[in-house]
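Annotation comment: TrEMBL describes 74-107, 108-141, 210-243, 467-500, 570-603 as repeat 'TPR'. Annotation source TrEMBL lists compositional bias 'Basic and acidic residues' at 279-289. What TrEMBL records for 279-363 is region 'Disordered'. What TrEMBL lists as compositional bias 'Low complexity' is 290-318. Per TrEMBL, compositional bias 'Polar residues' is recorded for 319-337, 345-356.
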Amino acid sequence: MAQLNTDHYFYVGKSRIYFGNYVGAIENFNIVIKLKPYLPEPYFYRAVAKYYLEDFRGAKEDLDKAISIKPFYPEAYMERGMANHELGDLKAAVADYDKAIQLDNDNAAIYNNRGIAKVTMDSIDSGIADYTKAIELDPTMANAYLNRSSAKQMKDDLNGAIADCNKAIHLRPHFASAYLMRGIAKFEKEDYAGALKDYDICIRLDSKMAQAFVNRGIVKHKLGDAEGAIIDYDMAIKLNPNIAVAWLNRGIARETLGRPGAKQDYEMAKQLDPRFAEQEKRYQEEQRRQQQQYYASAGTSSSQKGSQQKGQKAGTAQNQQSTAKADSTVTKTSAQAGNAIAAADSTNNKSKTSGPYTRKRRRRLIVVDDEGQVKETEVTDGRVQNRNVIIKLEPDFSISMFHKDSVDYDKLQYYSMIIDALNQKNHNDPFLVITNKPARDNNWRMQQYRDRIAVETAILKTDPKDERAYLNRAIYYALDNKFNESIQDYDQVISLNSHNLLAYFGRATARLLMTDYIQSLNTLPEPETINIGSKKSGQDDKQKTHAQILDYEKVIKDYQTVIYMNPKFIFAWFNMGNTKVKERDYYGALDDYSKAIELEPDFAEAYFNRGLTRIYLNDIDGGALDLSKAGELGIDEAYSIIKQYCN
């Protein structure tokens, strides 16, 4: 037997990371780890791929393994420090960076990252010292200059911050984030023209940086161009609808110009950031006070009245600003990994100057990868965590002639000795598989099922007690969506042979598939499953409707019979777990998924469903690790859920 070339898989995995195919890289490293689990490097690089997918817990788990195999591994300590940082464990991050520096004290990237962690912990001077050390070790590290600039702005050293941005731009003339940062410093110095110019350049270099549009809109508003400000806020909201200050400032600009929509913008800002709710109350109080002043002056000259009327209209936004927290713009920048982080620091000062709402913020950037380098442009194709996915359980497994993975090759299929035995009896004609992706998507396949039904029916006319013919026909009936006929045939098989495991399994699954099929026709409400984010209580009438169509206890009883006959039949454990979720027996479902995983450690669907169930039960860490494993084993949707609900 030929031996697999693990070096080939390893180096292809590294290449896939470089080109942004992180899921493909994980597949390669899985193979190497399977064959050579004693090597630390595959765990390390798989962690790097998971980090780029924002699966920070999964990355940390792999780095723990790499370090346990190779304790003197500075790159692994640095990468784990980055993962700990993303998970909010800053002390652990600094400890990892300390260990990495102890092992490799000439690595500028480690000092840079430790500086980021320290600044985030409010040790600004210590963070600046680390940035300075990184610059001493590598005077070409533009990111260290940019991070030091951010820290200097936090200490109100605006001239020093601008000087560092100038150096970063000198080193990387197309570094959009450096222009954004310098624009912020110039804004704080009230050099609005200079700030506007920097934001223009930033947007020209990176037209998808939403915060640059917000900042430029603020400057335009300050300079009296509310019309231009609205255009920039529109673009920022289009790029990133979750920036609360963009909605608030657009509302202010609209009110300044007397345009409709300001109230809706304020409402959206409040939803995104509850602190703006109190802000709006203060706006309204200020408006009432201004109105009282206006009406009190009704006896003044007409020229004075006209002046006041103009001031009343144009001053609406200014009145709102007077209660805003003074400061400079909340900013998010995009750096090497596309991960830039901004931590807002609100102050209690109130600005009496006119203009849009701004807020002083803590600025920090994670800007280095495992090689300590920065990519000029962000690779997004491989970041599957940014896709929008429908969150639902992996479906039940059933027996099928065709399955989608046989064409799509999404992931490896599971082997079952029981199905293999049935195939041998049928002389592999047809070749049956067990899958949770049965193919019912074209007329040709449906006709194949009907042809097989006709063949088995002819056999049964000759021999009405042919157990195998009833079993085969039951399978084909289910594939043809004729579930009642399928269940009747399974009943007939059981009456002929009460020890036929596949008959019990198929009957239970046919009952479940019947409900799924009726739901697809929109004639039955979907049963309660996993509703991450907002737990809904089931309605009594919905439960009664389901009870009339499907008795879950009968399904579970059939699966229990299968398990009694063969406790290692993982698909019965999995399907029973899904059924218990529909019954809202979530802890029972966890036990069933866990048993399936115990029997098949690479059971991706079981990890995925157990992860969703754990998150629903507020076990975020456990759920995230399960989803990480599911993603590692080929279910890409897991990374989107980790990003949205676990980070």
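Quick reminder: no glycine exception, Cβ is built from N, Cα and C everywhere.
When the repeat 'TPR' (108-141) is classified with DSSP, helix, strand and coil residues number 27 helix, 0 strand, 7 coil.
Non-local neighbours of the repeat 'TPR' (570-603) in the same chain are 393, 395-397, 414, 416, 434, 505, 508-509, 512, 527-530, 538, 552, 555-556, 559-560, 562-563, 609-610, 613-614, 616-617, 633; each lies 6+ residues outside the stretch with a CB under 8 Å from one of its CB atoms.
Shown for the repeat 'TPR' (210-243): DSSP residue counts in helix, strand and coil, namely 27 helix, 0 strand, 7 coil. For the repeat 'TPR' (467-500), the DSSP counts in helix, strand and coil order read 27 helix, 0 strand, 7 coil. Using DSSP to sort the residues of the repeat 'TPR' (570-603) gives these counts of helix, strand and coil: 27 helix, 0 strand, 7 coil. In the repeat 'TPR' (74-107), helix, strand and coil residues by DSSP number 27 helix, 0 strand, 7 coil.
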